[in-house]
Amino acid sequence: MTEASTPPPPPAPRGGTRFSPLLWASGANRDILRQSPTDKTRFQGLGSVVIFTAALAGASMAAALHIALKAPWPVIVLLTAGWFLGILSLDRWLVASMTRTTSKWGVGFLALPRLALALLFGFVLSMPIVLQIFAPEISQEVNVLHAEAESRYQAQTADDQVGKRIAALEKRKQQLEAQITSGGLPATPDADPTLKQLQDKRDQLQKELEQRREKLTCEQLGKCGTGRAGLGPEARKRIQDYNDTKRDFDTADTQLNNYLAQLKTKGVQDAQNELNGQGGAEGVTAELTRLKKQQSALQAQHAADTRKSDGMALRLEALNRLSQKNGTIGTAHLFVTLMFIAIELLPVLVKMMQILGPPTVYDDLVAAHERENRETGAHLARRDADVARVRAADDVKYAGLVYDARRAMLESLAQRTAMAEGEVGEAALEEWKRREMARIPADLDRYVRTEPGYGAPPASASPGGFAPGTPGGFGTPGGFGSGSPGGLGFDPPVRPANPGGIAFDPPVPPGNGGFPAGRPAPSGGGGFGGGPSNVRVMNGRPGDPYGGGAPGGGASGDPAPFGGAMPFCADPHRGAPEAGGG
């Protein structure tokens with residue numbers, strides 16, 4: 001154990017393991033706190049602050065649920081309990097995550113985001129409680145807001161289509177009622193163009209008649225005109241003009257009176273019909289009554305909905321208006337809000353004061369415990385890294401060993417395969433030799449023919465073999481199976497194998513022409529495989545009876561009996577003349 005490591009804690013006193021809500025809320029390490037009993041009271045105080053703040057948040061949630069949702073009390077209690085536990089856990093994390101650092105400025109930087117978060121929660125959580133404190137004043141202001149909303153809605157409905165129609169019907173109703181009251185005459189002459197025209201004509205003639213009367217009187221008195229009093233020619237002329245105007249006036253007045261009589265007879269009936277309706281048509285009075293009922297119903301519904309609106313937003317608006325209109329309420333609102341914000345900030349502030357104070361025994365024990373944990377963690381990390389490196393090296397070594405073992409196994413298999421192929425090829429060659437030797441006594445002509453000039457007729461054969469007409473050696477072209485011309489063949493031929501090689505049944509794995517790695521013969525080509533072979537009949541030298549030539553075996557370049565270009569010679573010591581086919 002290092003010098004800075006924490007000694008093992010002493011046995012806990014009796015009852016020390018009991019759960020303490022205050023210590024849990026403070027975020028203290030109970031195992032370390034047992035070694036520093038003097039710090040227990042300090043953390044109990046911090047835990048009580050955290051629990052009190054969470055309880056205040058729960059009360060705020062209950063008020064908000066009651067104001068905004070009008071929720072039943074069981075639901076309020078359940079949601080309030082959940083909110084209380086959530087805020088309790090959050091405040092506990094805020095105080096537990098603040099640890100002592102070497103710099104006081106560092107403590108301040110660590111506390112800033114926590115203070116900002118606590119400030120936000122304090123401002124939000126204080127609103128429902130503030131609304132409950134000023135509930136009576138807010139309710140009165142809410143009624144004022146409701147009345148204002150109803151007035152605005154009534155003004156709005158008066159300006160809409162229904163409101164404008166109601167205003168027009170009320171005006172028309174007044175006109176019709178005035179017309180009925182006046183005996184059928186319209187309320188104003190302007191309402192009837194004919195009446196206005198007749199009345200204007202009569203008024204004009206009446207004014208002209210008065211003017212002519214004044215002129216006639218003035219002429220008779222000698223005050224104007226000729227200046228001579230009495231009934232002279234001028235006076236008589238003016239009397240005639242007056243009489244003519246009087247006659248026109250009487251005619252116009254009679255026409256007006258006759259038209260007024262007609263209006264009185266017809267106007268009252270028409271006004272009553274329009275006012276009350278006729279023939280099933282809706283009259284002015286009925287339409288006006290219907291539209292007013294419709295408008296009143298809308299206004300009553302809006303008023304009822306407005307009075308039901310008593311949520312938190314409306315109460316906040318009422319509180320804001322009260323604060324602006326009443327300075328006392330505004331000041332009280334401000335200080336109450338600040339008080340609740342301070343209560344929400346209290347856990348973080350208390351924790352900051354503890355950190356900024358001198359370190360206690362608990363702080364020293366926590367620091368030692370954290371150092372030991374860091375050292376232990378670093379040691380475990382190094383150990384895990386070493387184990388990982390050893391495992392990686394073992395994996396690499398194992399992979400190398402597996403690769404080497406597989407490579408050795410493959411080389412052994414390749415050697416054994418090559419040896420087996422060689423043995424099989426030798427056995428096949430011996431068997432072929434035995435069979436051919438057995439056939440010679442019975443069919444010598446198949447193998448021996450004479451050249452012209454040696455007493456034997458020329459054989460008719462295609463180039464390249466003893467069998468008439470088939471190129472490529474002993475029988476079927478292609479060696480011990482069908483393949484390239486120039487090898488050994490069997491009669492009947494065996495099934496095809498690799499080109500130019502020996503066929504086996506079952507076939508051996510493909511190799512270099514059916515034999516181990518085919519190395520070319522010292523002289524001569526062809527052989528048993530598809531490529532150059534290390535098996536040949538004889539050393540192929542030019543002029544040898546069995547020498548190979550192109551195509552089909554023996555030494556390259558010269559015709560040979562087995563190659564098919566040089567005919568077989570009875571005298572092997574004689575030169576081999578060129579021939580056109582065997």
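A Cβ is built for glycine as well, from the same backbone N, Cα and C atoms used for every other residue.
In TrEMBL, annotation is done automatically, which means it is predicted and not curated.
Note on TrEMBL: of 75-94, 395-414, the range annotated with the feature transmembrane segment is 75-94. Within the chain, the transmembrane segment (49-69) has long-range Cβ neighbours (under 8 A, six or more residues past its boundaries) at 21-22, 25-26, 75-77, 79-81, 83-85, 87-88, 91-92, 95, 121, 125-129, 131-132, 310-312, 315, 340, 343-344, 346-347, 350. Through the fold, the transmembrane segment (115-135) approaches residues 56-57, 59-61, 63-64, 67, 87, 90-91, 94, 312, 315-316, 319, 322, 329, 332-333, 336-337, 339-345, 347-348 of its own chain, all at least 6 residues removed from its boundaries and within a Cβ separation under 8 Å.
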